[in-house]
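According to Swiss-Prot, the active site, for GATase activity annotation covers Cys2, on the basis of similarity to another entry. The L-glutamine binding site feature in Swiss-Prot is assigned to Arg60, Leu61, Ser62, Ile63, Ile64, Asn89, Gly90, Glu91, Asp115; the stated evidence is similarity to another entry. Under the heading ATP binding site, Swiss-Prot lists Ser382, Gly383. Marked as domain 'Glutamine amidotransferase type-2' by Swiss-Prot: 2-231. What Swiss-Prot records for Glu384 is site 'Important for beta-aspartyl-AMP intermediate formation'.
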Amino acid sequence: MCGLLAFVAAPAGAAGPEGADAASAIARASHLMRHRGPDESGTWHAVDGASGGVVFGFNRLSIIDIAHSHQPLRWGPPEAPDRYVLVFNGEIYNYLELRDELRTQHGAVFATDGDGEAILAGYHHWGTEVLQRLRGMFAFALWDTVTRELFCARDPFGIKPLFIATGAGGTAVASEKKCLLDLVELVGFDTEIDHRALQHYTVLQYVPEPETLHRGVRRLESGCFARIRADQLAPVITRYFVPRFAASPITNDNDQARYDEITAVLEDSVAKHMRADVTVGAFLSGGIDSTAIAALAIRHNPRLITFTTGFEREGFSEIDVAVASAEAIGARHIAKVVSADEFVAALPEIVWYLDEPVADPALVPLFFVAREARKHVKVVLSGEGADELFGGYTIYREPLSLRPFDYLPKPLRRSMGKVSKPLPEGMRGKSLLHRGSLTLEERYYGNARSFSGAQLREVLPGFRPDWTHTDVTAPVYAESAGWDPVARMQHIDLFTWLRGDILVKADKITMANSLELRVPFLDPEVFAVASRLPAGAKITRTTTKYALRRALEPIVPAHVLHRPKLGFPVPIRHWLRAGELLEWAYATVGSSQAGHLVDIAAVYRMLDEHRCGSSDHSRRLWTMLIFMLWHAIFVEHSVVPQISEPQYPVQL
C-alpha cells in the first residue's frame, strides 16, 4: 500500500534542467497523504528541461516483503535491468502464482519477494494484458525509461483511487486530490468549481467518476488505463475491464454444484486476501457478508480480531449481533461506541481526508472503527461488494413489484404517473404508481436519491434540467440493453454507487488511519461466478442474495444468515433535531461562503422544517452540509482541520 504521486513534465517546462524544483514540489505535496504510507516516503526523478521527464513521490505502508520492496521499485530484463520504475498503491493477491508463471514462461528474475515486481515483469512480457491477470486492488504509475511513457492503471472495480490533472506544465496523477491541488502552480490546471459535477453530487450524494468538483481534475475510471507522454496534450485513456452479467440457468440437477462453486471461489479469494507479512483482522457488522469473510479468514488466522462500531442510541447499533457472530466463529472482538460529540468533532478531519464530498453518514462510524482497529492490526478484511455482485439491495426486488406495469400499453403506463401526482405525499401506492410509470432507465440510478427535481431547483441557483442523472447513467445502460432488469441495476451500481460511495469511503477513511482495507468479494474470479447467476438466484419475493445465502449455509452462523440488513446505521435524522449536531448544522450554514453555488436560505428552511418535525430532510440536509464543509475546507480555507501524524510500528 502507498500514496503515489507522479508528474510528467512538459518539454522545456518549469521543472528545470535537473528536475530539482519539481522534486521539491512533489515532496511537499506527497506529505499531504502521509497517512497513506507512514512507514517510508521519498521522491525520485528523471527530468531534463529539453524533453521533459518524470518525478515520483511516494508514501509506503509496508504489508508484503517489508524489508525489500521499497518504492519506487526498479525492474527490467537482463539487457536493461532498470528499464521500468513503479510506484504502486494496493496489493496483488495472486502475485506468487504470477511470479512462478513469469519465471517458468519467460525466465524472469526477481530481486524482491513482493507483489510489485509481478506488475513490472508482467507488463514487460504481456503488455497491457497483465491487467487482466491481476487479482487485487491497485492504482499504479509505471515509467518506461526507453519509451519515456508513463503507464497508469486502476483495478477493475475502483477499489484504489487515482486522480489526474493536466496543464501547461505537464500531467500529474495522485492517490489523493489534495496533492494535485498543492501542485497547481507546477502543473497549471483549472481549479474552478465544476457546476455540472456539483449538480450530480446533489442528485447522487457523491461525485460520479470521472468527475471531481474541480474542473481541472478528473479521476481515472475504474477498469481503465492511461498512457501519458511529455509530448502529448492529454492522457490517452482505454477501458480494459468491461463487466458483463451473462446468466446461466440453475436447474434442479445443478443447483448444489452452483452454490458449491460460490463457496469455493470465496474460500479461494479470502485465502489469497490473507497474504501479508503483518497481522490481518476483519470488520464485522451484523450481516452475512462481513460474517462470511471473518468466518473464512479465521481458518487462516485462528487469532483473528474482529471490529465493529455502533451508537449509544437504541436501534443504531449491531454490536450485540456482531459479538454473537464473533463468539460463534471463535474470534476475539473489539467494539467502538461513538458518541454524538465525537461524531461532530471528527467531521472536518474526515471531509479533509475524503478529498471530495460524500454524503454518506456511515463513513463517520467507519472512521472510528478504523482508528480503533489500527491499534491492533495493519490490515482488515471487509464485506463490500457482495450486494452489488450477488443482488443484496432490497431495491433490486422492485422489478418484481412493478412487473404488472410491463404489460400495460406505453400511453396507459405513462398515465399512471399523472394519476399519482395529486395524491398526498406518503400515501400508500403513490410511489408505486409513479415509479411504475417510468422505465428502468428513468427510475433507477443507483442507491442514492434524496432531492426531487423541484427541490433541486430550490437549493441550486445554477440548476440545469439537462444535468440530470441520465447523463451519468445513459452510457452505462446502453451497455446492458437486453439484460434482465436486476442485472442492469447491478451493472449500474458497479459504475455509480459502488465506486462513487462505497469504495471511496472504504479507501479514504481506512487510509486516513493508515489501515489497509481488503475486499474479498471484489475479486475477478468471484465476479466471474456471480455474473453467471440468473435473477431468480439473486432476488425472490422474500429475500435477497438467495444463492449466496445458500452457499454460505455451512459457513455463516444461523442467527445471521437470514437476518435483515442493517449495516452501520447512523441516527442523523434524530441528531439534526436537537443537540450538538443541530447546532453545528446551523453554524455551518450560517458561516458558509458558498451562496453562489447553494441557496443558503433554502437550506435554512430545510433545517427549520426538519427541526420542528414537519418534514424529514435528513438526507438532503446532510448532502448540503457536507458540501458546505468541503467548500469551507478546500475553497474558502475558513476551516482548517487538525491533522495528526501518529507514529505506528512498521511490524504489527
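Numbering starts at 1 and runs along the chain as it is shown here.
In case you wondered, yes, glycine gets a Cβ from its N, Cα and C as well.
The residue listed as 'active site, for GATase activity' sits 22 Å from Gly383 (ATP binding site), taking the CA atoms of both as reference points. The average pLDDT the prediction assigns to the domain 'Glutamine amidotransferase type-2' (2-231) is 92. When the recorded positions Cys2, Ile64 are compared by the number of other CB atoms within 10 angstroms of each CB, Ile64 has the fewest. Arg60 (L-glutamine binding site) counts 24 other C-beta atoms within 10 Å of its own C-beta, drawing on all protein chains shown. When the Cα atoms are compared, Ile64 (L-glutamine binding site) and Glu384 (site 'Important for beta-aspartyl-AMP intermediate formation') turn out to be 23 Å apart.
With Ser62 (L-glutamine binding site) as the anchor, the candidate recorded positions are Ser382, Gly383, Glu384, and the one with the nearest CA is Ser382.
Within 10 Å of the C-beta of Glu384 (site 'Important for beta-aspartyl-AMP intermediate formation') there are 24 other C-beta atoms, taking all protein chains into account.
Classification of Cys2 (active site, for GATase activity) by DSSP places it within a strand. Neighbour density at the Cβ, taken as the number of other Cβ atoms within 10 Å, is lowest among the binding-site residues Gly90, Gly383 for Gly383.
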